Amino acid sequence: MSLESDGGGGAGAKRRRVDEQGAQRKELEAAPVVRISALPDDLRRRILTRLPLKDAIRSGALAQGWRDLWKSRWADPTSCRAIHLLPGENPREVLETLESVPRRRLDRFSFVFENYKFRQPHLKRFFAYAAECRVEDLHVEVRGCNIGDGRPIFHLPLSSPLLAHLSLRNMTLFDMYYKGARPFYFLEPIHLHSINSGVKFSKVMALCPRLHTLDLRCCGCSRDNMLYGAEACTPLSLRRITLAVCNYGGIRLDLLPMPSLCSFRYSGRFSTSLFYLPKDATLTDLYICFSDREAIHQFFYYELDRALPDDLSGLTVLTICSNALKIASSLFNGRATPQWTKMNNLRSLRELQLLILGMEMDNLANIYLFLKACHCSNLERLFVQLPATSDVPLEDFVR
């Protein structure tokens, strides 16, 4: 009898636990779901202040509402310092005021100057100050002036060891201090605008082993400076590359190891600044904009085919201009050999953006041929950007 009684009591206790767990589960299911993206901006900024800068930047991939929110994450204004040196100001006085303040760690340091009195020794003192404050996000911009006979010089090896985000505009990268320089293990995105490079770019990449975003706009350097020696030091983590109006003469990215490359954005004169991507690249985002009509030539049909990876079936977002679209549609129209059809298998494409650079009568035909041949059966979003002005009436274009 005692055994039966104990067994019954044990089974009853087990049933009670199951019932309690079921009740708790129902209460959780009935409770309202609070999504982090639904929180007020101020509260989300406070969350970002608790994260390292690189993780705060990565939060921009969560959703549209998080993009660039990290830039305003600093609740303490003393952790972010911005200096704008205007014409007429005395650089030495500004420096003395800055250096008189006790050093403390800064999340972000932004320095913009448009002052003809500014000299390279002044700039070096500003960089030394940023390094002493262990700055994570550094932005330096020159507006409308040079130092002496040339652009101001930036020396990457003299930067803060915690540097995680670098943005330079209208400056020169110089070949000094690189021998024995320590790597920047936290530096992931680099944005360069209107930069002349007197340094082999391979040296820059060798100091950034975790670089994942390289954004080059209106930059100029020789092709040798861009690629020489880069095969052995290209960061394997490099995922996104932007080349916009850069005068390199030709970028042979297909010669570099880039197993993680998933996004490539190009804008410029394809006839004078060709690009060639790795054949085994698995892109998910591709942006192509040719500003020159000379690219619409039989020779460039072949060059465009060589420039692209062999397999574009994983592409999910494609942005293509009307000049490039005309080349692609010609490939599908029987005027090219069969192997020139790398865009005929876009089965993963979800979003297509068409940049119409001029109102021409054959634009609609090119769009039709492209959509018919590329087999993008999973397309969800189609955007068409028309030029701001045109000599062709819209009703004539539609006809």
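In case you wondered, yes, glycine gets a Cβ from its N, Cα and C as well.
Automatic prediction, not curation, is the source of TrEMBL annotations.
Features of the protein shown, as given by TrEMBL:
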type: COMPBIAS; residues: 1-12; note: compositional bias 'Gly residues'
type: COMPBIAS; residues: 17-26; note: compositional bias 'Basic and acidic residues'
type: DOMAIN; residues: 36-73; note: domain 'F-box'
type: REGION; residues: 1-26; note: region 'Disordered'
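Within the model, the domain 'F-box' (36-73) shows a mean pLDDT value of 77, rounded to a whole number. Each residue in the domain 'F-box' (36-73) gets a DSSP state, and the totals come to 28 helix, 0 strand, 10 coil.
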